[in-house]
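Novice: Once you've had a glance at the structure underneath, I'll fire off some questions.
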Amino acid sequence: MEFGRQLKTLLKKNLLLKGKSKCSICCEIVFPIVIIGVLFAILALIKVTNSDYNSIDVTTFSRRVGPENKLLYGSEGSLNNDQSGVIETMKEQVATARGLTVAEVQDFFMEINDRTLMESFFKNYSMMVYGGVWFNSSTNGGGGGNNNDPIAAGGQFGYNIRLDSDDTADTSETGKVDGGDSSIYLNDNFASIQVAMDQAIFGYFGLDMVLNISGRHYPDPYTELWQEWITGRDAIIKSAGSVFITAALMMFSFRLVTDVVIEKETKIVEAMRMMSLNSLAYFSSWIITSLITSLPVTLLIVVIFKGSQLIYSTSWGIVIITFVLYLITLLLLSFIFSIFFNNSKFCGLLSFVIVIAINICGIFVSKNEFSVSVKLLLSIFSPIAFSNSIYIMSVKDLTMILNLNWDYIVTENQSILMLGIDIIIYIILIWYFEKVIPGEYGTKEKFYFLFTKNYWFGKKRSIGEIDDIESTFDSEDVETIPLKVLKNSTISIRNLRKEFETGDGLRVAVNDLYLDMFEDQIHALLGPNGCGKSTTIGMLTGLISPTSGSAFIRGYDITSQMSKIRPYIGCCLQTDIIWSQLTVLEHLVIYASLKGVEGRNIQREAERMATEVGLAEKMNAPAGSLSGGQKRKLCLGIAFIGRSKIIFLDEVTSGMDPVSRRQVWDFLLKYKKGKTIILTTHYLEEADYLGDRIAIISQGKLRCDGTSLFLKNRFGQGYLLTCNKKLENASNGFNTNQVSEFIKNFIPGASILTDSGAELSYRLPTESLSNFPQFFTEFDLNLSKFSIQTYGISVTSLEEVFISLGQEDSKKLNNNANGNNEFNKQNEMESLKLAIATPSDGINQIQQFKGLLIKRIQQSKKDARSFFLSIILPMALIIGSIILYKSMNDQKQVLFYNNSTQPLTMSLSIYTDSDNTINVPMQLLNNELEWSNLFNNSPYFNKFKYINESINFNDYLIDNYKLSIGAINFTNQPISIDDNNNGQSTNCSYIAYYNSDYIHSFPIHVNLINDALLRKFKNISISVTSMPFDHILTAFEISSSDINASAIIYFVFILMAGFSLMAGSFAGSIAQERTNRVKRLLYVSGCKKHIYWLSNLVWDFFFAFIISILSCSILAGVIKGAFKEQFGSFLLCLILLSCAIIPLGYLMSYKFQTYGKAVGAITAILFVFGLVFTIASLNVRIQAVVNQNSTTQKVADIIDLIFSIISPIFALNRIVFILSGFPGSTRLGTFKVDNYWSFDYLGTPLIVLAGHAVLWNVWILLLDYVPQIKGFFKNPKNLPAPSPPQDEDYDVSQERRRLLNMRPSEEPIQFKNLHKLFPGSGKNPSKTAVYNSTLGIPRGQTFGLLGLNGGGKSTTLSMLSGEIVPSSGEISINGYDVITNREKALGNISMVFQFDALISLLSAREHLWLFSRIKGIKESQIENCVEAFIKMVDLTRIANSGCGGYSGGNKRKVSLSMAMLGNPSVCFLDEISCGCDAVVRRQLWDVISELGKDKSIILTSHSMSEVEALCSRITIMKEGKYTCLNTIQGVKNRFGAGYSIDVKFKKEYLETGIQTILQSIPNCTVLDQHDVMASFEVPNPPGNPIKLSNIFSILSNLPILDDYNVGQTSLESVFLKLTGANHDQRINLYD
């Protein structure tokens, strides 16, 4: 039940993901078919031409012989009388047939009675020789003595026919040969001479008979189609067919392993496991999903192989079962591979290579005589089992031509059995490896877990048992838990520890943590960035394996019983673990099903949860289109949906606006009953409000734990006074000492807690409480004097506790360091000023180039696997191809002609002596009784088998194919026989059938019949022998005599694969930087676009050129000929190729989002195009050569040009074929290349390659300038924007009027009528992200851009930074139009994206060095500047570790530091402090405050305290529109004049607390209320002012409050008022 539901859900998920990637589906279907198509194209090159089953008449000798086509004849010394008589008879017959005299035909013949001279003449004048006849020294087989004695009865007349060895069949072979049969005797002159000689012998010996002989191909028992594949089946399929099929099927495995590893890499699969995912359901779902596309394609491949009869003898059922089982094993192997990969970069390609390598080994195993048991044992590797299958399928169709030892061959059934066993083994291995192989994420079992009792039976423990065996933790900073409560803890952490190896050495992330958590409670985990909070959650959820210690969740041990724990877990990790393609509703439906919601309730539950978390309007929106806060809401819904009892929320409200945060608070309080919720947050008011217990972790250790009240009592020291400085005086002119002295006059024990940005806070001791009224009265009167804008007072806050503990721990750390790195405000400010004051010396393109090159060097050093994939593996492939070429070239060459000159007598004995079953079927017309008399003198009479004319001769021959080498069919009335044995007929016509499996069948059968006839009537036999001349090599054959075509083809294909892989690997890095927005950040930081591309091109070209030079040098050193002579040409070819395919790969990478998919797809595309085009070109060129057809060659030239223009890889192949002298590479009629640089040879492909190089390099260099170029033709400022809203705020309208006639140079940041409309798609309507906004920001102003999630803030910044083109409107930065003059407009800005754009392999120090060079800081100043920034943001401890391992807050520090480098004039900071703890936030505030003195800054934030501390002017966006625009005080005065009060009620006063406050404070109104928390507003009208001190006195005397904060109206109150309309109903409850 559970398994079935999860399987159904996961199948739906996989199909949704697959369906949203139609390009990938097309590739999955097309690529396998293309690979099989390539195989058939290769087979087509070597297929046997369709046999001609029509009768072919023997060429009439008399019509072909002539003075320019002479017949040579002779015998050693001289001819005897019989020999001369036969020749003279032949001459007479020719003369009679031609109507000439004998004298006139004498010139048709030439007598040469010296064998050597005859051969010499033929060698020199072969073009004018029809053939030769060489007589034996004695033709008297009857025992005559003298050479001139006539042949006696029973004697033999013998002769040898001499032709060029290539014009006759191979006399060294008797059986089947590749591509040859007896038709060569008919098509060339042998049969013509044989029949003419026999006719002359008949005439000379007085047998008046005219021979009319035809030849016909023996009807095979197979179809003609079957015959076509014999050569290809033997040469290709038997040896390499399984490789092609495996490569085709591995396309599905490639996609599968990549998808699975991506889900593993992005923590998605582990997140699903945390929430009770069944691993079997997960793997099964992917198998089924893959089979949906792969199974039809596999069956199509089966249909192709069986339909084409390439596989003929093996039944359909066996082939289908074999292919399908093999496909399943490949998919299962994908899962096994995925377990060993943590990075999707390499998994697909390496899996492909491994399987192909095993398959090649399988070919070796299947072809060699290993015992069947050994082959079956090796078949546990399914590629080897499949090689055995393809081998047996092939050889079963080749039994006619192969003699096989079946004792060493694995049968199809045995292979099927092994594939079935493999499936079982692989499933077991997947289950085992998935449990024991340690990955980057997830906890693993010990390798011997099968033998442990706990695995099979498990055991829950009580807290008492746990504490009996574990150490305990005791501290006065931990609130005591009653034993009764402690025994019911749901989570018990005991000495939990986690260590990491980093670039700075061993780092202890969690240091022996000891903690308990309970049901119905929210336990808040607090701590500075990098203290171990997320690591702790990772260990508790099974995402990370602990180094030591353990934890028990509901009594189960996380180190050994995680599978028992996970059904209870719901999780929202720090990073958003979602599928960007799926919608909100699809996510919730999937997880609802996974977590046990009943099927009929799933849709309703998912919709309800989407509504509950505030995503009702986004249900059908893809998750990738959500804002950061909306993604967190989705993750929250995922964590809570279903049956989860233990909920982990890691910074769940990070990136949320205040309204959304409060919605989440309500949600958590509503659903915490029956659950244990573990919450981490950097919003301390959130922890204070939600946390039933609060634990603070510092440096991996538990610092304190207890209720909020306990912590405040334990660490608080009274009250907190928070002052907001006037922004114009916050950095300059504000006298903190003066304020401090004033306060201490009234409250002597007061001390400064924080002084960051515009915020100044003091700790006021409780013992001075009686002095507060007088102090506040005087303080109110002196606010203007002290340049204080507003202030507030609260009892000890959790933030004060946090900061206090942080300062305390910092002091301890500094004391341990002997004070060498003393951290204090003065040193911090010195570092800050030094860092920010280091100016840019102006953009230096050489310096940028240097920085980017160093970046590539550092990445290569730290990512050895990528370096291997990009450089070492391609180089190995290329060098390997050269070695293979050399080794194959040194082997015996495969000749394109027959060079056998061994004499062979055309006698049936050459076959019958070895096989007594051979017979000669014969059919005569109407003379059934006389046929035996006709042939009874033949020595092979017993081999003749008469076939009655009533029997279909063709059918009989098919049925008895294996029993005869040929047959005879008389087509006229056979000769009548009289008692004197005198032939009465003058005509004898018959068809000699020849079996293609016996190459000499035709002349043997002609001799058999003619010999029998002569024996019958004259008692003389005929012996004919083939005695070939040495082959006269053509110029083509001479030029290709040293060529091994197979070696060249293999060389070209592997060389092509090496360069394709190189280009794909380089492009993968580009895709990754684009997806991670590193490239965008470089551009925004001032990096010249062409410098970015040039640096990558130069780095990649450098290694490509090294590979090219090595390849050329090795090739020239080991291969003689053109590769050495044309070293420069080939080197130029490889250099131009590299210059073409590398930028082409860059361009192709824009279609891919991940490194792995980019590498695999680009490599495959380049290789497949090159392969297909090469095979097509070779086919046409070989046809041109074979047929000597100049028109076909011209067509080939045109095709090659087109292919070269499409594929630079093909141009490489064309050049290699020319330089290697591959047949067909030269022009017809010439066999040597006179000028390699001519357009007929290297000229054209080199020019095309140069064109490719120029085109793709120019394209890639200009690509990023396209928006700017478009801007010249279609500038958004010329497009109409919608009219401003009629109810537009007055201040917003005033700003619009202010900027109406302002020159662009007057203020650094200006945008007018800025509008962005995103068009709709599918169920998602179009959305206006920014609505006709106008704003100007002068120098020295920090502007706060506030709003709800999805309100348009990030879209605005993206338009300002040039990343998104506006729908309409005008933007100018530093006086330059962003659209038309983008480079100058963005030349001196900096930006921090909402999501950190960092290179995970590089450290913080390396990032800062890189961006220092990008921004033009002098080299001599970089080191001091970088170190100052590192010290300023407190990253010294981890500065050398890769940023990929940093906490969210530390990543923000790095991002801000990079943005601040070079003293930029304009800064865009998008949620800069998101994920930062309170201490870090204040550090960042100091930086931004210092930076903002003379710069224009736009800041987005969801922390209103941050905005008040930093911003001098703000706007609040709602639905893309500005709801207000003024200074903070101006906004407060308009929308919230008076005081704001935030209180936390004691739980027992929850019901009456609101009314008590309303009654105690006149005119007080409720703004917001959540459980025990409430916000109030108290007006302060000028005519009847209320003193803050009075309100404070009232609150301090109310016993109903746990905590309170009172001050002038807060910005958060205004924000809630302007954006929180959905809170009206709750507020109205108290009206």
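These residue numbers are counts, starting from 1, taken along the chain as shown.
Glycine residues also receive a Cβ, built from the backbone N, Cα and C atoms like all the rest.
The shown structure was predicted, so the numbers you read here are calculated from the model rather than taken from an experiment.
According to Swiss-Prot, the protein carries these features:
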- 25-45: transmembrane segment (TRANSMEM)
- 242-262: transmembrane segment (TRANSMEM)
- 285-305: transmembrane segment (TRANSMEM)
- 317-337: transmembrane segment (TRANSMEM)
- 346-366: transmembrane segment (TRANSMEM)
- 416-436: transmembrane segment (TRANSMEM)
- 491-724: domain 'ABC transporter 1' (DOMAIN)
- Gly527, Pro528, Asn529, Gly530, Cys531, Gly532, Lys533, Ser534: ATP 1 binding site (BINDING)
- 866-886: transmembrane segment (TRANSMEM)
- 1047-1067: transmembrane segment (TRANSMEM)
- 1099-1119: transmembrane segment (TRANSMEM)
- 1127-1147: transmembrane segment (TRANSMEM)
- 1158-1178: transmembrane segment (TRANSMEM)
- 1242-1262: transmembrane segment (TRANSMEM)
- 1309-1544: domain 'ABC transporter 2' (DOMAIN)
- Gly1347, Leu1348, Asn1349, Gly1350, Gly1351, Gly1352, Lys1353, Ser1354: ATP 2 binding site (BINDING)
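Surface or core, plus neighbours and distances: that's what I need for these features.
Specialist: With a cut-off of 8 Å between Cβ atoms, the residues of this chain six or more beyond the transmembrane segment (285-305) that come close are 7, 10-11, 13-15, 18, 25, 28-29, 32-33, 36, 40, 245, 248-249, 252, 255-256, 259-260, 311, 316, 319-320, 323-324, 327-328, 331-332, 335.
Residues 245-246, 249-250, 252-253, 256-257, 260, 283, 286-287, 290-291, 294-295, 298-299, 301-302, 305-306, 311, 347, 350-351, 354-355, 382, 385-386, 389, 393, 412-413, 415-416, 419-420, 422-423, 426-427, 429-430, 433 of the same chain sit 6 or more residues outside the transmembrane segment (317-337) yet have a Cβ under 8 Å from a Cβ within it.
Through the fold, the transmembrane segment (416-436) approaches residues 279-280, 283, 318, 321-322, 325-326, 328-329, 332-333, 335-336, 339-340, 376, 379-382, 385-386, 388-389, 444-447, 449 of its own chain, all at least 6 residues removed from its boundaries and within a Cβ separation under 8 Å.
Counting only same-chain residues at least 6 apart in sequence, those with a Cβ under 8 Å from the Cβ of Gly530 (ATP 1 binding site) are Ala509, Ile1438, Tyr1446, Ser1447, Gly1449, Asn1450. According to DSSP, Gly530 (ATP 1 binding site) is assigned to coil rather than to any helix or strand.
Remote same-chain residues near the transmembrane segment (1127-1147) are listed as 1059-1060, 1062-1064, 1066-1067, 1070, 1093, 1096-1097, 1100-1101, 1104-1105, 1107-1109, 1111-1112, 1115-1116, 1162, 1166, 1208-1209, 1211-1212, 1215, 1219, 1236-1237, 1242, 1245-1246, 1249-1250, 1252-1253, 1256-1257, 1259-1260, 1263 (criterion: CB distance under 8 Å, separation of at least six residues from the stretch ends).
Long-range contacts of the transmembrane segment (1158-1178) within the same chain, counting only residues at least 6 positions beyond its ends with a Cβ under 8 Å from a Cβ of the stretch, are 27, 31, 34-35, 37-38, 41-42, 45, 251, 254, 258, 345-346, 348-349, 352, 869, 1052-1053, 1056-1057, 1059-1061, 1063-1065, 1067-1068, 1070-1072, 1141, 1144-1145, 1148-1149, 1151-1152, 1196, 1199-1200, 1203, 1206-1207, 1209-1210, 1212-1214, 1217, 1224.
Counting same-chain residues at least six beyond the ends of the transmembrane segment (1242-1262), those with a Cβ under 8 angstroms from any Cβ of the stretch are 1089-1090, 1093-1094, 1097, 1126, 1129, 1132-1133, 1136-1137, 1139-1141, 1143-1144, 1146-1147, 1200-1201, 1204-1205, 1208, 1211-1212, 1214-1215, 1218-1219, 1236, 1269.
In the predicted model, the domain 'ABC transporter 2' (1309-1544) has a mean pLDDT of 86.
The Cβ neighbour count for Gly1351 (ATP 2 binding site), using a 10 Å radius over every protein chain in view, is 25.
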Novice: Including all protein chains shown, what's the count of other C-beta atoms within 10 A of the C-beta of Cys531 (ATP 1 binding site)?
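Specialist: For Cys531 (ATP 1 binding site), the 10 Å Cβ neighbour count is 27.
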Novice: Expressed to the nearest Å, what is the distance separating Pro528 (ATP 1 binding site) and Gly1347 (ATP 2 binding site) at their Cα atoms?
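Specialist: Between the alpha carbons of Pro528 (ATP 1 binding site) and Gly1347 (ATP 2 binding site) there are 27 Å.
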Novice: Within 10 Å of the Cβ of Asn529 (ATP 1 binding site), how many other Cβ atoms are there?
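Specialist: If we count other Cβ atoms within 10 Å of Asn529 (ATP 1 binding site), we arrive at 22.
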Novice: Among 242-262, 346-366, 866-886, 1047-1067, 1099-1119, point out the range having the most Cβ pairs under 8 angstroms from the transmembrane segment (25-45).
Specialist: 242-262
Novice: Among 346-366, 866-886, 1047-1067, 1099-1119, which stretch has the most Cβ pairs under 8 Å to the transmembrane segment (242-262)?
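Specialist: Looking only at 346-366, 866-886, 1047-1067, 1099-1119, the most contacts with the transmembrane segment (242-262) come from 346-366.
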Novice: Do any residues at least six apart in sequence from Lys533 (ATP 1 binding site), in the same chain, have a Cβ closer than 8 Å to its Cβ, and if so which, in order?
Specialist: Leu525, Leu526, Gly527, Asp650, Thr680, Ile697
Novice: Under 8 angstroms for C-beta pairs, at least 3 of them, ignoring pairs fewer than 6 apart in sequence. Is the transmembrane segment (1099-1119) in contact with the transmembrane segment (346-366) by that rule?
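Specialist: They do not touch: fewer than three Cβ pairs between the two stretches lie under 8 Å.
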Novice: Please report the three-state DSSP label of Gly1347 (ATP 2 binding site).
Specialist: strand
Novice: Measuring Cα to Cα, how many Å separate Gly1351 (ATP 2 binding site) from Ser534 (ATP 1 binding site)?
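Specialist: Between the alpha carbons of Gly1351 (ATP 2 binding site) and Ser534 (ATP 1 binding site) there are 29 Å.
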Novice: Using Gly1347 (ATP 2 binding site) as the reference point, find which of the binding-site residues Asn529, Cys531, Gly532, Ser534 has the shortest Cα-to-Cα distance to it.
Specialist: Asn529
Novice: Based on Cα coordinates, which of the following binding-site residues are within 10 Å of Ser534 (ATP 1 binding site): Leu1348, Asn1349, Gly1352, Ser1354?
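Specialist: Passing the 10 Å Cα cut: none.
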Novice: Cα of Cys531 (ATP 1 binding site) to Cα of Asn1349 (ATP 2 binding site): how many Å, rounded?
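Specialist: Cα-Cα, rounded: 28 Å.
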Novice: Given Lys1353 (ATP 2 binding site) and Asn529 (ATP 1 binding site), what distance in Å do their CA atoms have, once rounded to a whole number?
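Specialist: So the Cα of Asn529 (ATP 1 binding site) lies 26 Å away from that of Lys1353 (ATP 2 binding site).
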